[in-house]
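Student: Structure provided below as structure tokens; questions to follow.
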């Protein structure tokens, strides 16, 4: 049995029978046998329409002023005839008499002419949305239908036959008042555009300023941009102290010239471009990303796992040839500064090139404000040829660098603590985080549907996060254990391993279920899952892992984060900074997801929230 496209209670556009005009209607019910929708117009009229006579709200252009047209049944009775005479009409008293048959012929011709007028210029009528109005948002992969009307071609012109043209000329039929108003609106829009680029830019800036800015708006992102690098160095400096207590905050600050070494910066550049070389290797399959606003799909090569294998071979060869990897630990702050400087330079380049990017290539999160766009990213998918800068930085230099730094900390612990083998706590931290990174690289394709790729631009937020925050903060537990060893018993280690496996199972199963459903919702293996249909043509999972909480993958992530910190013991709160930070991050991200999904799915999202009330943690709203 074919699946229905529109859900009950959804507000869409329905074609008025016998015309080419669409009006706002509400879906009341659907007959699975006749495949007809029972709809209600705004004036209360209820009709049954075919699915082909119904279109989503997003298929029509939204006007700020709204439409002045009335409901279809009222229009038919309220249409007024022009009282003025046409230039070619003779005076009333001098009109020649005509036969009854000829008058009937004229009346029939007028009816045909009116019908042709309705079809000459089809301009979708736009009423003020109500109820389940769906504002399309590019934060998720947008579903683009073939019958969507482009913005520039909202008026479809149909040629008139010679007979119709003759009738229109002979009887001088006047268009309806609503059509005249729509023409005036169109002409005003054309005047606005023809005033020049300055006027257009002013309109665009005004529209972007009305967006809801995240992270506290411009002041918030300004403080984050300055504060994050400083906060990172304070954490690293505190971790190197013999007693990393909060009472000893702030730690002694080194001189700035002691933190900068050109040799370290050169080594970081070598690492970055080595990973770029691995990215360009013609190995691994090529897949398409989610549809862009213009319908295009960018192609991505999935070879992150191969890059990890090649990196592991090079690191193994370095150990075999007695390369001193301890240098990374002894110059850890210098490495962090080199990565920070590189991320800032990259962010400046990204913003400068985005100023010349076409409008349809900009991020939906961009605002038009220079400070905010520098942070959030102005261009959605900056590429140099086929080299995707954002996609490359998401997994390669930072994530693989995280594993290498963990290995360096393991070797540093053995050297400084005079151990022949690493401590059990260090082995657990390295193993847990190695599994996490390998899993991410093995399931690299799942990255293409994340908010980072499809919504956020590539600016300082992602550049600093991917290249600095991930490798130097996510390795914080291993860095802590080098100077502050913790002897872990096997019973305690067993409990930590069980907690880690529990979190990993939830994380991986939830993500695998989501990715499988996105790829092929009709997969027989997923037939047991319950869904809620949405106006975008997609379905929301309300059973399985995604019927437990709204973000089971976040829940698994947080459990694993706790398991990474527990091997460090309970002497200090510092190694638990990652858990605290990650909880704040995921709660904030969940709030962003909530806002975007509410805008995108409307009434369907409200139903989903009723079915799945818990967000991340079960039994906690």
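Cβ atoms are placed via backbone N, Cα and C, with glycine included.
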Student: Can you dig out which of the ranges 512-530, 531-549 TrEMBL describes as transmembrane segment?
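Tutor: The listed stretch tagged transmembrane segment in TrEMBL is 531-549.
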Student: Between the candidate ranges 429-448, 569-588, where does TrEMBL place the transmembrane segment annotation?
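Tutor: From TrEMBL, the annotated transmembrane segment range turns out to be 569-588.
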Student: Looking at 454-476, 592-614, which one is transmembrane segment according to TrEMBL?
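Tutor: The listed stretch tagged transmembrane segment in TrEMBL is 454-476.
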Student: Quick check on the annotations: TrEMBL lists transmembrane segment for one of 182-201, 242-261, 282-301, 302-321. Which range is it?
Tutor: 302-321
Student: Choose the correct range: of 156-173, 264-281, 354-371, 372-389, which one does TrEMBL annotate as transmembrane segment? Give that range.
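Tutor: Of the candidate stretches, TrEMBL labels 264-281 as transmembrane segment.
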Student: Most CB pairs under 8 Å with the transmembrane segment (488-510): which of 218-238, 264-281, 454-476, 531-549, 569-588?
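Tutor: Answer, by Cβ pair count: 531-549.
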Student: Using Cβ atoms only, state whether the transmembrane segment (327-352) and the transmembrane segment (531-549) have three or more pairs under 8 Å that are 6 or more apart in sequence.
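Tutor: No, these stretches are not in contact.
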Student: May I ask for the residues of the chain that lie six or more residues beyond the transmembrane segment (264-281) and have a Cβ under 8 Å from a Cβ within it?
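Tutor: Here the qualifying positions are 301, 303, 306-307, 310-311, 331, 334-335, 337-339, 341-342, 387, 392, 396-397, 400-401, 467.
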Student: For the transmembrane segment (218-238), find every same-chain residue at least 6 residues outside the stretch whose CB is under 8 Å from a CB in it, and list them.
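Tutor: That would be 244, 248-254, 259, 332-333, 336-337, 340, 369, 371-372, 374-376, 460-461, 464, 468-469, 472-473, 476, 479, 574, 577.
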Student: Who are the chain neighbours of the transmembrane segment (569-588) in space, where the CB to CB distance is under 8 Å and they lie at least 6 residues beyond its ends?
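Tutor: Those are 235, 238-239, 244-246, 425, 473-474, 476-477, 480, 484, 486, 488, 551, 554, 557-558, 561-562, 616, in sequence order.
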